[in-house]
Structures are given as structure tokens and as C-alpha cells.
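Chemist: Could you have a look at this structure, given as C-alpha cells, before my questions?
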Amino acid sequence: MAKDTTGRMHVQVKTGGKRKLSSKLWLERQLNDPYVAQAKRDGYRSRATYKLIEIDDKYHMLKPGMTVVDLGAAPGGWSQIAARRVGAEAGKGKVVAIDLLEMGEIPGVTFAQLDFHAQDAPEKLRTMIGGRADVVMSDMAANTTGHRKTDQLRIVGLVELAAHFAGEVLKPGGSFLAKTFQSGADAELLAQLKRDYATVRHVKPAASRQDSSERYVLAMGFRGGEQADLL
């Protein structure tokens, strides 16, 4: 164990046995990540919780009584915060969450293990929502291939799918938040969001690793919803 340039103790993991270098580096990063440690102390399910906390503290998306949809919810960090801030724990708001993976129960959160790409997923989600939503948020990430251009297109495609769903279920004035990555492949997506929402911005919370191109697109003030049919 050694100190880094900030004076914090830095845990180093030895490579041995069947452990690959990539696994060693991932484990070492997790052990030395202050947000991972803080999440454990605070009782949150993931470090991603702090990303939503920072974004919502600044832009005030989540308010008591709201209905929120959390796409790609597992392990549940965002759903925890959303349920608390909209009052779902007390039955005043609603949080609907889906993910390909299982997710442990969270008070005030209705969860379904669903593939968002599945043809019947939007209809099932609408049934769970039972009306229109105030916020649709997505922390989904596409599987990577290692080919940069292909990965960028996959990521943008996933955000486009989430944005399309948001356009179908959001109330006028609603908000859409989605994880994306810095690239030149999202110009068309951003143009569409700017037509559909009053304000569109990119945000990079402090909890996003600085060596990552990860960022979030936040669109607020949804302009549609009045004429769209909700099945």
C-alpha cells in the first residue's frame, strides 16, 4: 500500500494465479475510488448514485409527487435517490425501473427485469407507469466491441431509443436524462432533442471518472405530449 500524489493511501493489487491484468486494474481502481467507498458508507448501491445527486441538486429535475422512469436501473443507485426525492417511499410519487439484470427490492420502486430492446418492452413499461411520466432517465450502456466507431454508434442508438420512448410517455414540461459518450456521432440526436425540449445541455458530474469520455445529456421542458396517444 502506498500514498498517491494527494496523500491518500493507494491499494495495489498483485497479479497472480489466473487473474488477468484487466481484472487487476479494474479491482485496483475500485478499491481506490473514493466514490465507491463513500457509497458503501452512505448505504447506496453504486457510485453512480452521486452522479444523479449532483445533477439533480443543480438542475432540480426530481420533485415530490413525480412519476419517474429509470432505464438500466440495476443495481439501483439512481432508483434509490429518485424514490427518496419524489416521495415514492411514502406513496406520494412513483418510480418505475427496468434492467436486463436482477435488482434487489427498493422501497417505493416498481421493478421489472426487461430487455429494453424487446418489442413488447415499451408497452409493458406504459402499463407499469399507468399514465404519463415527469422524468425519464437512462444510465444504460451498450456492450462494447473495441471498435471505436461501432461502439459510438451503438451508444448513440441506445440513447435514441430511450429518447424516443421519453417522447411517447413524458408530460409537457418533463425531463430526459441519459448517459452518452463524447463523440461526433450524436449530432442528429442533439438536434432532435433541441426541437423537442426547451433546454438541452451536456453535463459531466464530478463522480464521472475524469479519464472517461462519459457524460450525460439533460433535456428539460418537453414541448410535446399534448396530442400524443398513450396506449
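Glycine too: its Cβ is placed from the backbone N, Cα and C atoms.
Since this is a predicted model, take the numbers as computed values, not measurements.
According to Swiss-Prot, the S-adenosyl-L-methionine binding site annotation covers Gly76, Trp78, Asp99, Asp115, Asp139. Annotation source Swiss-Prot lists active site, proton acceptor at Lys179, citing sequence analysis.
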Chemist: Counting only other Cβ atoms and using a 10 Å cut-off, which of the recorded positions Gly76, Asp99, Asp115, Asp139, Lys179 scores lowest?
Modeler: Asp115
Chemist: Round to a whole number and give the Cα-to-Cα distance in Å for the pair Gly76 (S-adenosyl-L-methionine binding site) and Lys179 (active site, proton acceptor).
Modeler: 15
Chemist: Over the residue list Gly76, Trp78, Asp99, Asp115, Asp139, recorded for S-adenosyl-L-methionine, what is the maximum interresidue Cα distance in Å?
Modeler: 18
Chemist: Would you count the other C-beta atoms found within 10 angstroms of the C-beta of Trp78 (S-adenosyl-L-methionine binding site) for me?
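Modeler: Taking every protein chain into account, the count is 29.
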Chemist: Show me the subset of Trp78, Asp99, Asp115, Asp139 whose Cα is within 10 Å of the residue listed as 'active site, proton acceptor'; these are the binding-site residues I mean.
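Modeler: Candidates kept after distance check: Asp139.
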